[in-house]
Structure formats: C-alpha cells, structure tokens
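What Swiss-Prot records for 9-29, 40-60, 89-109, 125-145, 147-167, 258-278, 283-303, 327-347, 354-374, 396-416, 548-568, 607-627 (among others) is transmembrane segment.
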Amino acid sequence: MEQTYQYAWIIPFLPLPVPMLIGVGLLLFPTATKNLRRMWAFTSILLLSIVMIFATNLSIQQINTSSIYQYVWSWTLDNDFSLEFGYLIDPLTSIMSMLITTVGIMVLIYSDNYMAHDQGYLRFFAYMSFFSTSMFGLVTSSNLIQIYIFWELVGMCSYLLIGFWFTRPPAANACQKAFVTNRVGDFGLLLGILGFYWITGSFEFRDLFQIFNNLISNNEVNSPFVTLCAALLFAGAVAKSAQFPLHIWLPDAMEGPTPISALIHAATMVAAGIFLVARLLTLFIVIPYILNIISLIGLITVLLGATLALAQKDIKRGLAYSTMSQLGYMILALGIGSYRSALFHLITHAYSKALLFLGSGSVIHSMETIVGYSPDKSQNMVLMGGLTKHVPITKTSFLLGTLSLSGIPPLACFWSKDEILNDSWLYSPIFAIIAWATAGLTAFYMFRIYLLTFEGHLNCHFQNYSGSQNTSLYSISLWGSTCSQRINKNFHLLRMNNNESSSFFSKKTYRSDQTLRKTNRGRPFINIVHFDTKKPFSYPYESDNTMLFPLLVLVLFTLFVGSIGIPFNQEGTDLDILSKWLAPSINLLHQKSKDSTDWYEFLKDAIFSVSIAYFGIFLASFLYKPIYSSLKNFDFINFFVKTGPKRYRWDKILTVLYDWSYNRAYIDPFYTTCFTGAIRGLAQLTYFFDRRVIDGITNGVGIMSFFLGEGIKYASGGRISSYLFFYFCCVSIFLVIYYKFYLFSLYIPF
C-alpha cells in the first residue's frame, strides 16, 4: 500500500505526453501526424485508463484502511522562507480522480466519432489530455499555491475548448465571456490565499488548518478580516462552479463541442469549485458567517438555475442551467455542513449529466442531417420531436438520465438529492421548502426537454399531422401544447428556405433534390443533402456504435452508482460504502456519521420527495405531450384556453415568467449596462482625457516652442543692432517685472 501512495505523484503526468507529442509532431512531421491522428485518440484513452486503474486501487485501499497520505518536498530559499510542494491523497482526491478518469474515458471514446470529420481533431485531443492533466494536478495538490496554479490551467483549458471553433463569433464571444467572468473569481481567490498566508504564514493545508484553529481558540485573529479572506476564497468557487452572481458564462459555454460540455459539466471545471469548497471546509467551519454565505448563495443558485431552465429552447442551454441548479444543491449542502451529501451528489450528478450531454450530442448529430449544421437549428428543441422511433438507444439512455436527475428511485441522483433535502430541513425549514420546490421544478424542466425532443412528430417544418387539408396549425409553444395561437405559415423563426440546406462549417448552401422532395411530400420529414457525402436524408438516424457505447456504460453508472451511498447500516450489514470511504475527512471535520437509518423515516421522506418529482413530471407531460398523439379531441384543449379575465391574467403572468426565464432573468443585460457600459464609458473618458489633455499639453509645448523659435529666427537677421535691441527689450521686461514684485513686497509684508 505504501508503494502505491509513493508513486501517486505520477497521476497528473500520465496524460501529459499526448499534447506534447501532438505539438511536436505537428511542428516537425505535420503530414504524418495528421495521417495517424486516430493513434492519438487511442493513446489518450490508454493513458487515462492507466490512471483510472491507479485511482481505483487508491480508492479501494482508502475504503479498507481509511488512510490519508501526504508527501511534501521542501525547497529552502533562506532561513526565513522555504517553498514546499507535494501531493495529497485522501478520500476527496480519490473520488475526484475516479470521476475524472471514468467520465473522461467515456468522453474520449465518444469524441473519436463525434469529431471524426473536424479539422481540429488533433487539437481537440491535445486540449482534452492537457485538461485532464490540469484537473489531476488540482485534486492532488497539497497547498494553496499548487491549487492556484492548476486552477488557472484548468480555466485556460476550458477557455480553449469553449472557443474551440474560434472562427465562429458566438464561440469566440463565449470564450471571452468565460475568461472575463472567471477573472473576477480568480482574483478573489488569489487575494484570499495571500490573506490566509499573511495570517498563518503557511500555504500547506494541514499547517494552515492547525495554525488557524490555534489562533481562533486563542482569539488572536481579526474576525472581519478573516471572514473577508474566506469570502474571497469562496469567490473563486462561485465563478468556477457558475454560482450566482458569476454564473453568466456557463450557458454561453455551450458553443464548444458537445463532448466538452459533458466533461466540463460532469467532472472538471464546474466540479473544481465544489472541490475547492470541500477541501477548505475544515477552514470555513470555524469562521463566523461564512457558512451562512455559502448556503445562501447555493440556495439562490438552486432556484435561479431551475427557473431559467424553464423556457430555454436550446437543448444544451437547458442542460447547462440544470447543471447550475444541481451545483447549487452541492454548495447548499456544503454550506449547511453536509459534507457527505455534497460529495455524494457530486458523484451521482456527474454520471447522470455526462449521460444527458452525450445523449444530447447524439440527438444533435442526428438532427444535423435534417436541418443543417447550424447550432441554432440542430440544437433547437422546437424543431425536434418524434425522435423515439429513429434513435431508440439514445432516447432510452436520455430518459434514464432525465429520471435520475428528476430524483426518481432507484436511479443515482435520487439517493443523493434526497439526502440533501433531508439535511436542509434540519438546518432551516425555509431553505428546505425552497429546495423541495426546486426539486419539483427540476423534474418539470427535465421532462420538458425530454418531451420536446423525443415525443410526438418531427416539428422542423410544422407538418400538418391531422390528415385533413384545412385543419388549424397549432404552435409548438415553449410553455406546452395547450397554446391555441395560430402560427403563420410564413413563420421565419429558425426555418430554412424550402430548397436550401446550410452547413455549419461553410457559408455555402446546397440545393435539395426537388424530385425527391415531391416524392416524400407526405412524410413528416424534410430532405437535405448531407454536408460530407451529398447524400439526401429524409429522417434522423441513430449514432454509430462508438458514440452509443459510452452512453450504455454511463447508463450502468446511473443505475448503480447510487448504491455506494445507501445509508442503511443495519445489524450484520454495512451497505454505506461512501461513509467508509469518507471516514478520514468526516473525522477531520469532527462530524458524526449516522450509525443507522430508520426505514420509516427514510421512506417517509423519500415518498414526499418522489411525490413532488412525479407532480413535476405530470405537469410537464400535461403541457408538452403532443396534442395530435394523445389528445385527439381538440375540444378538450379548448376547455383550457377559454377566454376571460382570469385567463387573460393567467396568460399575462405566464408571458412575464416566460420572458424572465428566456431572457436569463435580465441579468446579462444588467451586467452589460452597468459593468460593460460603465467600463466602456470610462475607457472613452480616459481616451478623451489622454488625447485632449495629456497629448494637448505635450503637443502644445512643442507648438509653442516651434513658433517661439520661428519668431526668434525672423527677429535675428544677422544685424548686431537687432540683437542689441532684442537683448535690451528682454532685460527691460525682466527689470519691470522685478520692480513690480519689489514694490508689491513693500506694501504687503508676508
């Protein structure tokens, strides 16, 4: 066991050869490197698999022995200062390593097919491997300086991957937005690190915790300053994990490739903020008010993320706001001191969300053959529907991920979310009520995404499905199918021309076969020519096995990973693997783990939470289940759309709520006006001051010198009498000024 821990330092460096060799190969042997590009995908997966075996071994040993291992190298610069760096292997490290490796391997396998026709294939895998290296370095760091270094590297890799298609203005803007937003949090993190070093004189976690606890017990610290430093540390996690108010970068980050979204949202960048708070929870517990701040920010994010997901039409943006809300649950759990519940939900959410994002990538992949390669079309749920019979494997896996995130037993997220809800009730009934209500919203918006995507018929050209020629067309409302508003047949929202198909990578348009279009006019699909093969497609198709295999593996994780945290420790049985795994950290936090759980209490709480989830599912099914497939009688629909003052007020409320949700609660425009506009105004004022005042003074001195020199030049024509006249004039002026000052000093003594 000791040897395994001693060689754990190699974990961050194992994926590193891939980006280095790809870079060298593209510089020295570009043609051969590009021809053998599939080899680099295999190498990336192989090296990450080795790390997974290593991490699995460490995890098993920690479960059996409940041990923590730390190794530190010290570089003494002088007698008063030494630089220490090393690695720390504890339960939190092993959990994060398992998440990064398992999710990362699935994403790499998936990406081999998803990115197969992309010109940036090699660049993609180089970024991914370096991303893994940075994240492994972060989770194995033993001090705050190493944390900050790898924290910045994780952010850099995220920016590179968000802006992977940097030639597209939306991707470039999203990359810039993520960078600027995270700069705010990272600056706070740096100030917090320096503040605690000034207080304790150490960056090492163990020394820092011990010294700080001694200072607190002896009442030798300034509480407001300590609280400020802790809040600055937490600001780094707020930005990285997309918590309110620094959450605005996360939805725009969907401009990157879908596999990147899966990795960022499941196990890397956004998980880094949760990791940081969990790592420093020993410090935060003894600081006044900081846990209250953490729990409040988490609760606001839980509710805000859920409400903003209600009206999104982009499938990836809807999942992004779902991630924001679920991360809020984890921050809330850490803020109320529920360390085990937070990490449990981090594990279960990672696999469920990776499954959902990879499933959405499969859906987008199939829709591109129908609507083209523009993300505004291929990711638009309004244009989807009826994909169940065409992508059944993707549909089933996406449904399981949706059920898990909705909190339906026995899937993974049910166990962890239910534990957070129960712990929040013990902390604050108000917090618990909001958290429970948001659980219902989660089930609602997740099934809204599922129903709009897979149920009904394909909506991309608003086909009349009733069979009659003169039947009214009903709009596919983002609020459900009960809307009775007629749509204009010339409706232009995200619709392609009748005879064109667009490509994501090219500005060219390709004409469809008119004869084939006339032949298939009765089918509920449109025909376009595929970008690469120029082959016409009239229906979506299931993804290749390379993309389906990771989905099936993640389905298994979603089904069974929740079993590691089942809190049933009865006589003769011990099913709570997670508590044994986290025992050293729980002991360090001086928390008592539950020896047993009452079946009656557990079932009572579970029934309540599941009932709320089912209510959200029922409401989503009622609003979004296609009217032409389930409610043949349109009079039943008309029963709910009766006009009148109550209906008018209800529609007005829904419109306001929809606008608020779809426009991201107007937070982005507020930031644009208050911060971006203010900074640009200040920049323009600075520019004006620099050009008119600073440059004016400098240029004015030069111009005055020029005219003075010219005047002197014309005054001195080479005649001695002119020189004498000019000289006596200057002397006279000087004497007059001197005489005036002399008289002034006589009459007004100082």
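Using N, Cα and C of the backbone, Cβ positions are placed for all residues, glycine too.
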Query raised in the report: Can at least 3 Cβ pairs under 8 A be found between the transmembrane segment (354-374) and the transmembrane segment (327-347), with each pair 6 or more apart in sequence?
Result: no
Query - the transmembrane segment (9-29) versus listed stretches 40-60, 89-109, 327-347, 548-568: most Cβ pairs under 8 Å - result: 40-60
Query raised in the report: In terms of Cβ proximity under 8 Å, which residues at least six beyond the ends of the transmembrane segment (89-109) contact it?
Result: 5, 8, 11, 41, 44-45, 48-49, 51-52, 54-56, 58-59, 62, 68-70, 125, 128, 132, 135-136, 139-140, 259, 262-263, 266-268, 271, 275, 278-279, 343, 346-347, 350-351, 354, 358, 546, 549-550, 553-554, 557, 581-585
Query - Residues of the parent chain within Cβ reach of the transmembrane segment (147-167), under 8 Å, 6 or more residues beyond its termini - result: 120, 123-124, 127-128, 130-131, 133-135, 137-138, 141, 174-176, 178-179, 182, 186, 189-190, 193, 236, 240, 252-253, 255-257, 260, 264, 268-269, 272, 276, 279
Query raised in the report: Cβ under 8 Å to the transmembrane segment (327-347), counting only same-chain residues 6 or more beyond its ends: which ones?
Result: 92, 95, 99, 237, 241-244, 270-271, 273-274, 277-278, 281, 285, 291-305, 412-413, 415-417, 419-420, 423-424, 426-428, 431, 435, 561, 564-565, 578-579, 582, 585-586, 589, 591, 593
**Report entry** Beyond the flanks of the transmembrane segment (40-60) by 6 or more, those residues with Cβ under 8 Å of it
**Finding:** 4-5, 8, 10-11, 14-15, 17-18, 21-22, 89, 93-95, 97-98, 101-102, 104-105, 108-109, 111-112, 122, 125-126, 128-129, 132, 136, 581
